[in-house]
Amino acid sequence: MSGPATTPAAAAAALPPGATLGVMGGGQLGRMFVHAAQSLGYATAVLDADPASPAGLVAHRHVASAYLDEAGLAALAEASAAITTEFENVPAQALERLAARRPVAPAAAAVRVCQDRAAEKAHFRQAGVPCAPHALIASAEQLDAVPAGLLPGILKTAQLGYDGKGQVRVGDRAALAAAWDQLGRRPCVLEQRLALRAEISVVVARGADGAMVELPVQQNLHRDGILAVTQVPPPDVAPALQAEAVRSARALAGSLGYVGVLCVEFFVVDDGSADGALVANEMAPRPHNSGHHSLDACDVSQFELQVRTLAGLPLAAPRLHSPAVMLNLLGDLWFRGGDDAAVEPPWPAVLALPGVHLHLYGKAEARPGRKMGHLTVTAADAGTACAVAREAAARLGLPPF
Ligand code: ATP
Ligand code: MG
């Protein structure tokens with residue numbers, strides 16, 4: 001933890017309650033940002049083309065336009081005293097245009113790095129943070145020149161991937177060539193497929209004055225490339241490795257000159273040592289699904305940290321007051337009966353369990369793979385949180401973890 005961030009200068013620059021905070025993107029992350037902003041007394045404005053976007057539905061003002069629409073950007077800038085983003089793939093040009101008129105955090109340049117796996121990996125290297133062995137494939141020559149040691153690997157599009165989309169697992173050169181064709185011969189990164197012992201992430205917040213705080217490290221379980229379960233504290237990761245992850249996340253935020261909330265995902269891989277070794281996977285320039293437990297298990301949530309960094313308020317180090325397990329609720333849950341028609345999951349059955357915090361995002365239509373909500377179980381000890389979360393998963397028909 002760094003020292004107190006309250007300085008007369010920072011306090012003088014803070015936006016007063018009643019000011020409007022703007023957000024690019026109207027998904028669930030924007031919705032939870034809006035809720036946090038509202039509880040600190042701010043008004044909110046959301047830009048998203050969807051008239052029924054989760055954040056647009058709860059904001060004071062909804063600008064229904066495309067991200068690059070001039071009139072929409074002008075309306076958001078007009079309405080807002082400062083603007084942030086909730087969607088990783090908001091075009092960086094849109095943030096640049098907004099920044100000509102209003103303070104924007106994180107800055108377009110930092111978002112651009114997080115949007116491109118090649119730039120992201122170059123940044124890891126520059127900050128001295130290890131990442132998976134990889135090669136850039138943007139031409140047939142680069143495809144042919146891939147070192148054999150990277151196979152078996154995972155071919156990932158350099159841009160516009162999320163939730164495991166734009167990724168193909170490849171075993172040999174023939175499969176690699178076919179996968180690159182399948183991905184439209186777009187610029188890609190081939191990563192060596194690593195044997196993962198665990199996955200963890202760090203959510204760090206950095207203010208304009210350079211002060212940083214972070215959430216305690218969380219451990220994540222993915223299914224089919226999508227986050228399924230987050231556990232805090234991490235059950236399987238040595239404290240020294242957790243501390244290293246925090247140091248790396250801070251180094252990455254600091255060297256980007258980042259302002260806002262940044263999530264860094266890491267793999268724990270075998271290197272023959274007892275603890276294993278840490279490898280950075282990717283960064284998200286916004287709050288992250290793996291930090292959702294902070295709403296209920298920490299005394300400052302990742303969304304409040306985003307509000308504080310945007311409004312120029314002091315950062316206070318979050319404290320995990322309860323061990324927690326977060327379960328993602330994907331649209332698949334609505335189709336468990338095998339029917340084509342969506343059926344509401346049995347919420348009362350899980351709300352009857354102690355320490356269950358249910359968050360639904362207000363999306364009208366459930367679709368397989370769509371993030372519809374999450375639930376966090378808090379308890380006095382990690383064993384109880386885990387046992388109750390397993391029971392909740394069973395009652396909903398989620399796979400065991
Ligand atoms: P996100 O929704 O987190 O943005 P994404 O589509 O960008 O996801 P990644 O984080 O790159 O995808 O990968 C998704 C998951 O696939 C990882 O969390 C991990 O479980 C697995 N994975 C990715 N890269 C590797 C690798 N090099 N070796 C082994 N497993 C990997
Ligand atoms: Mg990821």
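Cβ coordinates come from backbone N, Cα and C, glycine included.
Classification of Lys165 (ATP binding site) by DSSP places it in coil, neither helical nor stranded. The Cβ of Lys165 (ATP binding site) has Gly225 as same-chain neighbours under 8 Å, each 6 or more residues away in sequence. Annotation source TrEMBL lists ATP binding site at Arg117, Lys156, 161-167, 191-194, Glu199, His222, 281-282.
What TrEMBL records for 121-311 is domain 'ATP-grasp'.
Contacts of Arg117 (ATP binding site) defined by a Cβ separation under 8 A and a same-chain sequence distance of 6+ are given as Lys156, Thr157, Ala158, Gln159, Gly161, Val189, Glu282, in order along the sequence. Checked against ligand 1, the binding-site residues Arg117, Tyr162, Glu191, Leu194, Asn281 give Tyr162, Glu191, Leu194, Asn281 as the ones with a Cβ under 6 Å from it, listed in sequence order. Under a cutoff of 8 A between CB atoms, and with a sequence separation of 6+ in the same chain, the neighbours of Tyr162 (ATP binding site) are Glu88, Asn89. The local packing around Asn281 (ATP binding site), expressed as other Cβ atoms within 10 Å of its Cβ over all shown chains, amounts to 19. Long-range Cβ proximity for Glu191 (ATP binding site), meaning a same-chain Cβ under 8 A and a gap of 6 or more residues, is found for Ala132, Pro133, His134, Leu150, Gly153, Ile154, Lys156.
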